[in-house]
Amino acid sequence: MSSIKIECVAKEGYRIGESPVWDEKESALLCVDITGRKVCRWSSVTKQVQTISVDAPVSSVALRKSGDYVITLGTRFAALKWKEQLVTTITHVDKDKPNNRFNDGKVDPAGRYFAGTMAEEIRPAVLERHQGSLYTLFSDLSVVKHFDQVDISNGLDWSLDHKTFFYIDSLSYSVDAFDYDLQTGKIGNRRSIYRLEKEESIPDGMCIDTEGKLWVACYDGGRVIRLDPETGKSLQTTVKLPVDKTTSCCFGGEDYSEMYVTSASDGMDKEWLSRQPQAGGVFKITGLGVKGVPPYPFAG
């Protein structure tokens with residue numbers, strides 16, 4: 001563990017950086033700035049960041065099998081053509097809740113796009129509670145709602161055998177597991193597998209490694225923790241970052257041995273920002289000694 005190296009690769013100072021996804025074809029990391037309303041792509045080759053501005057808070061981005069990307073934008077699932085900078089709406093959710101927006105989203109091993117909603121925040125992590133729901137966009141572009149009463153719909157991933165779906169509702173301070181049916185995309189039998197310690201703060205985005213262990217970014221905790229979903233215990237791999245508001249994580253790089261962590265700067269005053277000038281940056285962590293699972297593309 002002594003060989004761990006942390007480097008800030010994108011110093012754009014995103015307001016709420018989120019949803020890092022590795023795009024192997026482009027050798028690039030995608031992410032979004034939710035309140036900055038931008039989809040961003042950092043090239044590991046040129047070290048440059050390209051951005052596309054959108055017309056609403058954009059909370060997640062995913063690869064698409066047919067090429068380009070899908071995003072969650074406001075309360076819409078949408079398609080994004082990168083070169084043309086063209087966004088087209090696929091479908092709307094939560095039409096009865098004008099104050100809602102999507103938050104984290106991820107594609108399952110069968111190519112379905114899972115994403116959840118929440119109420120717009122008054123201040124970071126302060127919002128009207130129980131307004132969100134968890135949805136799936138299927139490859140035929142139909143949408144299913146799994147459940148509602150969600151505070152802040154967040155981290156999602158699937159076990160290596162695809163039989164368990166992991167999910168975080170941030171203000172529950174819990175990482176939950178569901179039984180998962182890969183054929184149908186149905187979930188059931190919800191249970192908590194890990195409750196966060198006080199210093200770990202708020203669980204945010206999450207990813208899984210090839211050993212089946214979960215990595216959870218801790219918002220306001222300035223760290224990424226590694227959990228064993230089988231035992232429900234935290235493992236001795238905690239990576240502390242030079243910023244407090246770590247938001248999400250994914251594996252990437254040529255062999256998926258690098259970890260990328262997004263962060264936020266919203267809600268920080270001048271004094272706090274002067275102590276953490278890299279707030280809102282994207283970090284690359286090397287030397288973890290584990291690899292991640294490549295992202296699945298949306299099949300629709």
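The backbone N, Cα and C atoms fix where each Cβ goes, and this holds for glycine too.
Features reported for this protein in TrEMBL:
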- 16-265: domain 'SMP-30/Gluconolactonase/LRE-like region' (DOMAIN)
- Glu18, Asn154, Asp204: divalent metal cation binding site (BINDING)
- Arg101, Asn103, Glu121: substrate binding site (BINDING)
- Asp204: active site, proton donor/acceptor (ACT_SITE)
Proximal residue to Asn103 (substrate binding site) among binding-site residues Glu18, Asn154, Asp204 (C-alpha distance): Asn154
Site of maximum Cβ density within 10 Å, from binding-site residues Glu18, Glu121, Asp204: Asp204
Surrounding CB atoms that lie within 10 Å of the CB of Asn154 (divalent metal cation binding site), all protein chains: 29
Environment of Glu18, Asn154, Asp204, the listed divalent metal cation site - residues of the same chain whose CB lies within 8 A of the CB centroid: Ser19, Asn103, Asp104, Ile152, Gly155, Ile168, Ser170, Gly205, Ala217, Tyr219, Thr247, Ser248
Tertiary neighbours of Arg101 (substrate binding site) (same chain, Cβ under 8 Å, six or more apart): Ile34, Ala56, Pro57, Ser59, Gly74, Thr75, Thr117, Met118, Glu120
Surrounding CB atoms that lie within 10 Å of the CB of Asn103 (substrate binding site), all protein chains: 27
Distance from Glu121 (substrate binding site) back to Glu18 (divalent metal cation binding site), taken between C-alpha atoms, in Å: 15
Rounded distance in angstrom between the Cα atoms of Glu121 (substrate binding site) and Asn154 (divalent metal cation binding site): 14
Span of the substrate site, taken as the largest CA to CA distance across Arg101, Asn103, Glu121 (Å, rounded to a whole number): 11
Average pLDDT across the domain 'SMP-30/Gluconolactonase/LRE-like region' (16-265), rounded to a whole number: 97
